[in-house]
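A short write-up of the structure that comes next.
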Amino acid sequence: MPRPGNPDIRRRLLASGLELFYARGVNATGVKEIADRAHVPKAAFYTYYESKEAFVVAVLEQYWLELQDRSDPCC
């Protein structure tokens, strides 16, 4: 579960992770690359996520929520 903090940094990390995972794959993408793309220090990544594995889960959860929002016919 993500830790509390700046929602903008968390959003940038998630967006960067999704882009890099899509382009390179999860195993070929490092935490430093994600942090660099989000324009935050690598240490900031660990302020928000305990591990890369926890981050991958958060990226997948965010992606799933976005897919549900796009396909929700009621709104």
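The backbone N, Cα and C atoms fix where each Cβ goes, and this holds for glycine too.
Nobody curates TrEMBL annotations by hand; they come from automatic prediction.
Per TrEMBL, the features are:
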- 7-67: domain 'HTH tetR-type' (DOMAIN)
- 30-49: DNA-binding region (DNA_BIND)
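Mapped onto DSSP classes, the DNA-binding region (30-49) shows 15 helix, 0 strand, 5 coil. Per-residue confidence over the DNA-binding region (30-49) averages 97 (mean pLDDT, predicted model).
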